[in-house]
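Asker: Below is a structure I'd like to ask you about.
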Amino acid sequence: MKHKHTNLGQILWQLTLLFVLLVAFYFSLMVLSYTIPIEKIAVNLHYSLETIASETKRWSVMGEFKGTKLDTFTDNLIFNKLTNQEELSAIQAAMWNNGYERYWLGDIAVLRPLLIFISYKHIRYLNIFLVFIVFYFSMTKVEKAISRTYAYLLMTMLLLIHFWIFPLSLQYTPVFIISLLGIVAVIAIHQRYGYRLSKMVLLFFTIGSVTNFFDLLTVPLLTFAFPWMIYFVLVNQHHRRHFKHNLSETVILGWTWFMGYGLTWASKWSIGSVILKENSFANVANQIALRTSGKTDEVLDAIEIIKNMWKILLPKTAMIILVIWLIILLVQSFKGVKSYQHWLSTTPLLMVALVPFVWVFILKNHNFHHAYFTYRLFIITLFSVYTYLYLNLKQRNE
């Protein structure tokens, strides 16, 4: 198995150029969206806010199943940020976001143009097509590149986090779309370039960056985990690789995703501070203190938060489904199991399975108050473990 190497300096130069281009693109999109006169979107914005107001905030589509809870509360927040109440210039408004300056709030760049033509309920309707077309497209790609069994396993994981409700809650849509398009991109790059890590580095940096542009800290890690697991399976399913090789690639791609995410966020604070002539970093520091520790009168137990999130993710019926999947993998592995070396070399999957626990310990306050959607974080743990079993139990097609 040959790997094409790229000079480190060349990769850093490419990442720097990519970062500048991405931030310039985000900034341009935001500014352009605020050049749209409020009069052009006022009617559909009014209808949209009426529709959102008519619904119970954070209501469950399936009653007692908390994992099906919509986040119309945040949709309402986003739509209320679409106006330019202070009548700032387009450049200032793009950074201010009606007081939500710590986020890029990339949804605005999509929603303001759409509101010229349609309102919230019609955006939701179109979102149904978007979500399910991307879902179908990505599943077919996984089936062809890996196997039907693994595509069905991924499908099961997405059903466990109730992806089918995402069209009704715009807050949930970006992470899902980015995750699945990331999967498609991983497969396409792997098929074209083979084992060329430099291409994946650029891709994962882009995925992390785009995630930060759109996401409001829902479950951003999914946009790393899903594409990364597909990549991991692609490079391990037919080859015996060393543990160190798998681990180093995991660290590199994880760090690259994180840098794309973090630098894009920091660029928003930096540009905002310059344009708005105020210290956006002070606001961010306050929010970090709140999200990590909570209010002064709050005593948060990370273990209890984690237990609650798992309860939301896995009701009794879901446990049955997971047992069925375990049986399927065991039945299909009639040839036995792979070598001890293969089990060892793929243990980075189990390491990534632990990342959600670390995330919750760091962001206790956020996960305590928003467990009804952050519970999806632990699908990373489940999918990592089942992918580990899938790779190490010999399948029929081997």
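Glycine too: its Cβ is placed from the backbone N, Cα and C atoms.
Residues or ranges marked as transmembrane segment by TrEMBL: 12-36, 114-137, 149-166, 172-189, 201-230, 313-334, 340-361, 373-391.
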Asker: Against which stretches of its own chain does the transmembrane segment (373-391) lie, if we need a Cβ under 8 Å and a gap of at least six residues from its ends?
Answerer: 66-67, 69, 71, 149-150, 153-154, 157, 160-161, 171-172, 218-219, 221-222, 225-226, 229, 232-233, 236-237, 308-310, 312-313, 322, 325-326, 329, 338, 342, 346-347, 349-350, 352-357, 359-360, 366-367
Asker: I'm a bit unsure how to read this: which one of 12-36, 149-166, 172-189, 313-334, 340-361 has the highest number of Cβ pairs shorter than 8 Å with the transmembrane segment (114-137)?
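Answerer: So the stretch in question is 172-189.
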Asker: What stretch in 12-36, 149-166, 172-189, 340-361 has the biggest tally of Cβ pairs under 8 Å against the transmembrane segment (313-334)?
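Answerer: Result: 149-166.
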Asker: Which bits of the chain, at least 6 residues beyond where the transmembrane segment (149-166) starts or stops, bring a Cβ under 8 A of a Cβ in it?
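Answerer: Distant Cβ neighbours of the transmembrane segment (149-166) are 61, 65, 67-68, 70, 127, 131, 135, 139-140, 142-143, 172-173, 176, 226, 233, 313-314, 318, 321, 325, 328-329, 332, 375-376, 379, 382-383, 386-387, 390, 395.
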